[in-house]
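The block underneath contains the structure these notes are about, expressed in structure tokens.
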Amino acid sequence: MDLELQDFYNKTLATENNTAATRNSDFPVWDDYKSSVDDLQYFLIGLYTFVSLLGFMGNLLILMALMRKRNQKTMVNFLIGNLAFSDILVVLFCSPFTLTSVLLDQWMFGKVMCHIMPFLQCVSVLVSTLILISIAIVRYHMIKHPISNNLTANHGYFLIATVWTLGFAICSPLPVFHSLVELQETFDSALLSSRYLCVESWPSDSYRIAFTISLLLVQYILPLVCLTVSHTSVCRSISCGLSNKENKLEENEMINLTLQPFKKSGPQVKLSSSHKWSYSFIRKHRRRYSKKTACVLPAPARPPQENHSRMLPENFGSVRSQHSSSSKFIPGVPTCFEVKPEENSDVHDMRVNRSIMRIKKRSRSVFYRLTILILVFAVSWMPLHLFHVVTDFNDNLISNRHFKLVYCICHLLGMMSCCLNPILYGFLNNGIKADLISLIQCLHMS
């Protein structure tokens, strides 16, 4: 986290190899490196304090909520808990030490901490980023293979151990290539006695540039690509499943229209008062019948047709009498009967339509949530990595006076990700959200 700030001090110390005459005539004095941060130090202290407390408390609540239900933890929740722990380390290691070095223009934590603290800062940030990649990969695996999902706790432990091992391995050069430099010898000023700076001391600029590019690839480009690919695949899988259901519903509707076209083209019938009463009776007592039962109105009685009856054969009278006796209806009272599966298709289609609408709403919320995750990561970390690359390749683009102010702005944007991760991965997670609400209620009551 402090690599960009150390570039500023490395640039300050780069002229140390000049001749003594050049140093006495052209080397800038310490007052030339007075920063515009000095005019905003109280504002920066308040802003850093707010961001640090917000990130610490948010991630601590996530950890406490997940610790309460350790028996019901899943792979994603296990990774979210480790993400909250690494973000707490980022807040503890990066915020106070960086702000102190910026405001005091010196390193006041000793030689041992000069070797340890940059290493811990880099490891905590890198582990947090690698856990984001792990969460994206696990979600992709759960969507693509929902039935054969055999991720156990041992897989989670192995994944976390791999993440921390990679973090320690990638950041291992930092303790070696850091040193404590005394400002009095550098600037030849008695006013700077007993003041030190913790700076990088690489064998050559090529080593420093190679390390900068490797961090850019591992901490920003690779996570951004993994998040984009994984979340895009998740959204596509959800949309494909939704389109399959819609296509099946449309196919069923086409089959119904083909087999029973008369249902859509029947004339409108005006209901009488008795029929209206029957419909109100059905609506009033529909809860008394099961879902497979329906109520219909009796067929209106037809006037006797003497001419038609005369044309019928003689033996048809018995059949007609049996039919009339078995189909007697009480006038004005609906008849209830069991609906056949093919007659219940309209109710089924209505339920499918409602489920499709719910899935559409849920898929839109998932799409917005995943898009916000990608944008938050890209926007929060891009300025800091871009600042690091620019200052490594051309350290004269930013003036000495505004160097630390620009760095503080980029650093605060990176710290904002530690504040937003609990919201995006915890408070917007329905399972964790319920645990958080119960935890907050318990804390409020106590």
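Cβ coordinates are placed from backbone N, Cα and C, and glycine is handled just like the others.
Positions annotated as N-linked glycosylation site by Swiss-Prot: ASN10 (among others).
Per Swiss-Prot, the feature N-linked glycosylation site maps to ASN17 (among others).
CYS442 (S-palmitoyl cysteine) carries a helical DSSP state (H, G or I). Swiss-Prot lists CYS442 with the feature S-palmitoyl cysteine, giving sequence analysis as the kind of evidence.
Taken from Swiss-Prot, the feature topological domain 'Extracellular' covers 1-42 (among others), and the record attributes it to sequence analysis.
Sequence annotations record features per position, and here Swiss-Prot assigns topological domain 'Extracellular' to 99-117 (among others). Along the topological domain 'Extracellular' (99-117), the predicted structure has mean pLDDT 89.
Taken from Swiss-Prot, the feature topological domain 'Extracellular' covers 178-208 (among others), and the record attributes it to sequence analysis.
Residues or ranges marked as topological domain 'Extracellular' in Swiss-Prot (evidence: sequence analysis): 391-407 (among others).
Residues annotated as transmembrane segment in Swiss-Prot: 43-63 (among others).
Taken from Swiss-Prot, the feature transmembrane segment covers 78-98 (among others), and the record attributes it to sequence analysis. Long-range contacts of the transmembrane segment (78-98) within its own chain (CB-CB distance under 8 A, at least 6 residues past either end) are made by residues 1-2, 5, 48, 51-52, 55-56, 59-60, 62-63, 66-67, 109, 117, 120-121, 124-125, 127-128, 131-132, 134-135, 138, 153, 156, 159-160, 163, 411, 415, 418, 421-422, 425-426, 429, 432.
Outside the transmembrane segment (118-138) by six or more residues, the chain places 1-3, 6, 75-76, 79-80, 82-83, 86-87, 89-90, 93-94, 97, 151, 159-160, 163-164, 166-168, 170-172, 174-175, 178, 198, 215, 218-220, 222-223, 226-227, 230-231, 377, 414, 418, 421, 425 with a CB less than 8 A from a CB of the stretch. Annotation comment: Swiss-Prot describes 118-138 (among others) as transmembrane segment, evidence class sequence analysis.
The transmembrane segment annotation in Swiss-Prot covers 157-177 (among others), and the record cites sequence analysis as its basis.
Only residues 6 or more beyond the boundaries of the transmembrane segment (209-229), in the same chain, are considered here, and those with a CB under 8 A from a CB of the stretch are 3, 122, 125-126, 129-130, 132-133, 136-137, 170, 173, 202, 373-374, 377-378, 381-382, 385, 388-389, 392-393. If you look up Swiss-Prot, you'll see 209-229 (among others) marked as transmembrane segment, on the strength of sequence analysis.
Sequence annotations record features per position, and here Swiss-Prot assigns transmembrane segment to 370-390 (among others) based on sequence analysis.
The feature transmembrane segment is assigned by Swiss-Prot to 408-428 (among others), with sequence analysis given as support.
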Tally of residues which DSSP labels helix, strand or coil - the topological domain 'Extracellular' (99-117): 14 helix, 0 strand, 5 coil
Cβ-Cβ under 8 Å with the topological domain 'Extracellular' (99-117): same-chain residues at least 6 beyond its ends: 2, 5, 33, 35, 37-38, 41, 44-45, 48, 93, 175, 178-180, 183, 195-198, 404, 407-408
DSSP-derived helix, strand and coil totals, residue by residue, for the topological domain 'Extracellular' (391-407): 8 helix, 0 strand, 9 coil
Nonlocal residues around CYS442 (S-palmitoyl cysteine), in sequence order (Cβ under 8 Å, 6 or more apart): none
